[in-house]
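Lifted from Swiss-Prot, the feature list:
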| type | residues | note |
| --- | --- | --- |
| BINDING | 115, 119, 125 | Zn(2+) binding site |
């Protein structure tokens with residue numbers, strides 16, 4: 001199983017943590033060990049462009065998933081192999097959401113990674129029942145992953161003096177964006 005992690009931001013992010021999480025979640029969901037996944041961390045501008053292009057929604061968002069092969073979770077046996085797809089995460093939006101939720105940016109980005117994987121596997125949260133199922137599963141996966149890890153306190157940070165890319169985005173594109181209205 002291959003999980004490639006790319007960081008195109010100034011955030012200091014340990015790619016191994018996200019690779020380990022991706023491999024573990026795919027194993028738990030019984031996706032073939034021959035499957036590939038890419039996780040990419042980007043700044044607000046690139047994810048805002050993707051958000052507009054693919055969802056016709058303005059502004060940066062927290063996570064977007066781009067499926068490749070239509071792989072689905074296994075039912076006790078491993079599913080066929082293939083390229084699962086790409087997950088794009090914006091640490092700036094994750095940090096804002098984490099502050100509002102009262103947990104760390106790292107915890108939020110790990111949650112968003114699981115959320116993105118579940119979308120790639122066909123889960124959605126359009127209806128209340130779908131939301132209950134998907135959010136329950138992502139919470140269960142995240143808490144179990146934390147329980148199994150000995151380094152659960154690893155953090156994602158910004159070097160001192162790094163400009164706030166989300167504030168710069170808002171200044172260039174107009175403030176007043178409401179993250180809760182996604």
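Each position is counted from 1, following the chain as shown.
Every residue gets a Cβ built from N, Cα and C, even glycine.
Since the structure is predicted, the reported quantities are computational estimates derived from the model, not experimental observations.
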Original post:
For the binding-site residues 115, 119, 125, which one has its C-beta crowded by the most other C-beta atoms within 10 angstroms?
Top reply: 115
**OP:** Look up residue 119 (Zn(2+) binding site) in the DSSP assignment and reduce it to helix, strand or coil.
**Re:** helix
Original post:
Which residues, same chain and not among 115, 119, 125, have a CB within 8 angstroms of the centroid of the CB atoms at the recorded Zn(2+) site?
Top reply: 63, 65, 116, 118, 123, 124, 134, 138
